Amino acid sequence: MRGFVCLRAARVLIHRYSLSTSRWRTMTRFSYSDYIQLFRSNDARRERWQPKTLSPGDTGEHTGMEEVESNGWTALHEAAHQGHTDSLHKLLKSTGVSVDERTLLDQTPLMLAVQADHQECVWKLLEAGADPDICDQRRQTPLYKACEQVSVATVERLLLSGASVNQRCAHGRSALHEAAKLDSAQICKILLSYGANVNAGNTHSETPALEAAREGSSQSLKLLIQNGADVNLQSSNGSTALIEACTYGHIHTVKLLLRSQADANLSCITGEMALHAACRSGNSEIVSQLLPVSSRSRLSKSGLSPLHLAAESGHPAVLRQLLCSGWDPDSRDPTSRSCLQLAVLSRKSQAVMALLEARAEPEGGALLQALVQDQLEMVGLLLRFGAGVSFPALLMYTQSLPVLRELLEHGCPATTCFKCRHEDEEETGSKEGGQIKFCEWLGTARAPSSPSQVVDLLLDYVGNVRLCRRIIDLILSSPERESITERTTSPRRLLHFCRMKIRDQLGAHRLNSIHILPLPAPLRRYLLHSH
């Protein structure tokens, strides 16, 4: 008999094993991506779900009090969410109803009523014994949600019902963080009276005072400071309330913090101080508040120059403030870039003008960057303030004919472009290694226009020149060929040589200001090739 029982049990086990194996084989017909897509579609359906409309007075008795929707919602959740106080009251009196029943998102009826700001429903649920400290999936409590809704009455009622004032959400934020962020001084005062931790930090060690400063919530910040908030506490990245207020340009908050002994010389882990943040944001009023209380030596040790940040961000008013305070316009950052170079690189023409007016040296690096970016206005600005053009290779950085003409008008030498002698190199067997000749560059894609147009323009600024055979080959089929051939094979006109001589005698400095020289208008147009 015992053997028969064992045999029967073995058959049952084998049958169950075969069923589970067949099910596993059926399941493994799908790929991993199929399962991921299936789960995502279920999540999407859950997110798209909206609670069904419950008419006032409907208690859900037609479906049974224990009936639960696929997302975990019951009639009690729906009544709380929709604010049907009468239905909620009847449901709470029914037997078998759990006042703290949770949905699939861990939302209780109390949480839904608070979110929708249905205060009467909140009162009813709390009177029925709802737990005010049950949190949802993001670990946010009804008190946190009430602060989010800026509902003073709900906050007071929850606290009277025993809600924990210092409970944190998944990001470590308390109800006081949310109230301070939204500048609800009244709620902040209530929370503090119930023992809220004024210096509690979230997961990034950001205090309520820091969040209030970031949002410019001056009223809440003032209340926090009066209740012992430390304005110099730093977050995990080293930021302070003052740095945050400067970053977002909240002048009233900055003044409040400075009056409350905020330290302007504390720095982030990147070395950035409050003055750096103000210069980047471009608020000149904040900069004027910070300059007297910022240590120049600490700013220098940080490796970041406020002047460079203002130039890069393009704030001329801030630049002028810093320059008037004695900052050197020709100082360089750790990568050896000048303020002028950063302003040109960022295409901030007003910042470039402010620096040039402060006698910043218009060195070649800034001009090269303007040429590479094809900024005609910036090139003209730098040239008018004396940027050097004696380097012939400047022409090879030009991206358009107007920029090339601007360089030539300000004295860039064009004669050197026609000094290549391939015939001489072939006869002597010598060649200048590593140097790209003008004719070689002219045939590349880097040239600003067609070779013939470039050559035709250059001939306006040179005397009698001879074209090398490479240039001749490049212009053979161009429309400008006849004009170029005529000007290079015949002697140039005396009028042309006179203009070249006068421009040479004037020099690059006077050429930059030729438009303001006391010259007759026809002579000025003649010298500027605009006759």
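Every residue, even glycine, has its Cβ placed from backbone N, Cα and C.
Note: TrEMBL annotation is automatic and uncurated.
Taken from TrEMBL, the feature domain 'SOCS box' covers 475-531. Note on the domain 'SOCS box' (475-531): DSSP counts are 38 helix, 0 strand, 19 coil.
Taken together, the residues in the repeat 'ANK' (71-104) have a mean pLDDT of 90 on the 0 to 100 scale. Residues annotated as repeat 'ANK' in TrEMBL: 71-104 (among others).
Feature annotation from TrEMBL assigns repeat 'ANK' to 105-137 (among others). Taking Cβ pairs closer than 8 Å, the repeat 'ANK' (105-137) reaches residues 71-72, 76-77, 79-85, 88-89, 92, 99, 143-146, 149, 151, 153-154, 157-158, 161-164, 167, 169 in its own chain, all 6 or more past its ends.
Away from its own ends, the repeat 'ANK' (171-203) comes close to residues 141, 143-144, 146-148, 150, 152, 155-156, 159, 165, 209, 211-212, 214-224, 227-230, 233, 235 of its chain (Cβ-Cβ under 8 Å, at least six residues beyond either end). Per TrEMBL, the feature repeat 'ANK' maps to 171-203 (among others).
Listed as Cβ neighbours of the repeat 'ANK' (204-236) (distance under 8 Å, sequence separation of 6 or more from its ends, same chain) are residues 172, 174, 176-177, 179-185, 188-189, 192, 198, 242, 244-245, 247-248, 250, 252-253, 256-257, 260-263, 266. If you look up TrEMBL, you'll see 204-236 (among others) marked as repeat 'ANK'.
Beyond the ends of the repeat 'ANK' (237-269), by six or more residues, the same chain brings 204, 206-207, 209-210, 212-218, 221-222, 225, 231, 275, 277-278, 280-283, 285-286, 289-290, 293-295, 298, 302 to within a C-beta distance below 8 angstroms of the stretch. Per TrEMBL, the feature repeat 'ANK' maps to 237-269 (among others).
For 302-334 (among others), the entry in TrEMBL reads repeat 'ANK'. Distant neighbours of the repeat 'ANK' (302-334): 267, 270-273, 275-276, 278-284, 287-288, 291, 340, 342-343, 345-346, 348, 350-351, 353-355, 358-361; these residues of the same chain sit at least 6 beyond its ends, with a Cβ under 8 Å from one of its Cβ atoms.
Across the range of the repeat 'ANK' (302-334), the DSSP-based residue counts are 17 helix, 1 strand, 15 coil.
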